[in-house]
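Engineer: Just dropping this structure here.
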Amino acid sequence: MVEQLKFIVEQLKRPPFNRKDYNILTFDNLTNNQLLQVLTDVFAVIDPKEQAHKIDIRDEEPDKTATRHMNTLKMLGYRPKLDTDVNTFRQNLVSGDKSVVFPILQWLLEKVPEHKERAYLGRYLSRTEVPTEFLSDPEIAEQYERCDELMEEFKEIHHAYKETTSTPHTIEDLRRDIKQLEDEKETLQKRLEKQKPRVQKVPAAQIELAKNYRQEVEKEAKLNTMKQDLQNAINQLEQKIQRLERQIADQRSSSYDQSPEAIMKRMEEENQVNSYLVTEKFPKQLSQMKTKLKYYEEVTSNKALGQTELTSYRAKISELNSAINKLHEKRVLIKDPTADNLAVFRQQALIVARRKEQAAERLTQLRAENDVLEKQSGRGASINGGGGGGVSSLMKQAGHIPQGEEFQRYVNMLRSKGNAYKRKRQELNDMTAEIQLLKRTEELLKEQVEQIKSRMSMEERKQGIEGYFSTQERLEQLSTMKMEQDELKGKSLDEITNLIKTLNTRISSKKAELDPILKEVKPLRAKVQELRSEYEAKKTKYDALNANFESSRSTLESEVRGFYDEQYAQESRFHTLRAQMLIHAVQLKRANDEQSSYMSKDKATKSTRELLNKQISDYEVRIKANRDRQKATKDVHIDGTKQMKYWRDLLRMMELKQKLATGDS
């Protein structure tokens, strides 16, 4: 909460608010009406074109203030917290509660430029909600579509404006571009001068041939363009023919029953539908709207309700609901279900009426959509892009298809209009760019003037002659006024003489006021010169000392860096040697232990040498046993191999005997 207050107060102290008298304590102690006034002032800064915000809320009714605030927040896109009830939020905003006003102020002050742009766009891009049944009126629908088109056009223009203003073009950039273009122009002129002698040597007949060739190329390009236009027109006409053929086929398929009785029946059904809409549906909707309007007028005419009044009204509503429920229960208990024979029919009639209303709503919606689609299709048929689209629209307007020279005139007319449009559009773009450049130049010059004025005022305060520049400006203004007054006609000589005397008197008085100041300025200027020379000398001395210091400092830094590197190398060598010493100490200890155990007479503990010798002897015994086994295995393997060979030969011999016995060759 404190950080929020601090941020709001700091932002309000800055331009364009300039509320220097606020601090955290004073702002926290503001009343609810004062907070609402601050909120209104912030809205006035964000949306300066809205005159409704430039008001003292004490002169405005609370309901209007709340409605204005709610509409502005809706336009800016403010969203309260998710757990906030809308009615509670509105009630707290009407009363100016701090829990609602402080977050709104923080949200507004965080992004003032974005909110200004949103307010500016919201003024021109806010859609007017039109009921669907009113869109069935052609004029209203046309105006509504026109409004949408203008909004889209405004969006495109604003987007182009933003892109143009966001491009960082400065005077220096433009001058640089102009200089570059001038250099290119000079280069082209030099090349042209070089080419002129070469062209003069070419015979006139060849130049004439080149000229004729260029004309033929241009003519070919024009013919290709004309061919493309004609092709587009042919495509458009083919599409139109296909569409008309489909319409004819649809009409033929739907005209299977076009007898007078069927037509009369359809007209009677349509008449019944329209009579139902006029006599039942529309009056009912109108009465409902009037009731809502009356209710809204009562709500707006009454003052804002307090929390106690709302609580009492809610209690009354709950009591009435409980009484209605009790009466309904009594009616159900008293009523005999068998006595009402029409209950089923009433229920069915209610269902039919409800379905009838739904069908009527659907019919109204479909009619509105049909009207919109018909207008869109009509506009698409009359407005087509490109040459072919323009020709087809002219053909449609003319009511026939031109042929030969008439079609050529159409094409020439469209081409001339297109060229004129492009030329005018280019001129308009050039003028727009020039206007934007001049506006930007004017803004830059104004900023430079303001900066120069601020620097002049600072120098005047430093030199102790504050107000000299403003006095000089006033003198110039007086001189300008004198010149303007001299140029005026229709005044008598006495008035002009008196005016001149007055101006001279004022000028002399101002000069008399400035003379002592100027006399005081002269010695100050001499003193400034002396101080400046002294400053330059001391600055030169300081620069020399600083250079010497920097050179010595760099030398010392390099030496220190070398010492650090040597220290790191010695430390790493020390740690390596230390680790080697530890390893050697462990090895020496093991050798001493082995020697002591070997020389001792106690045979209970065997030395490492004896253990290793025992392991070696064990491994030698194993190796000898394995070698004997290997030798035996080789002998057995050789005998088994020979035996398998004998068995294979025996088997082959038996197979041959069997074949001979059976007579197989």
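Along the chain as shown, residues are numbered 1 onward.
Heads up, the Cβ atoms here are built off N, Cα and C, so glycines get one too.
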Engineer: Look up coiled coil in TrEMBL and report which of 269-324, 493-548, 549-604 it refers to.
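Structural biologist: Going through 269-324, 493-548, 549-604 one by one, TrEMBL flags 493-548 as coiled coil.
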Engineer: Select from 127-168, 379-420, 421-462 the stretch of residues annotated by TrEMBL as coiled coil.
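Structural biologist: Result: 421-462 is the stretch TrEMBL calls coiled coil.
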Engineer: Tell me, roughly as an integer, the mean pLDDT over the coiled coil (171-254).
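Structural biologist: Taking every residue in the coiled coil (171-254) and averaging pLDDT yields 82.
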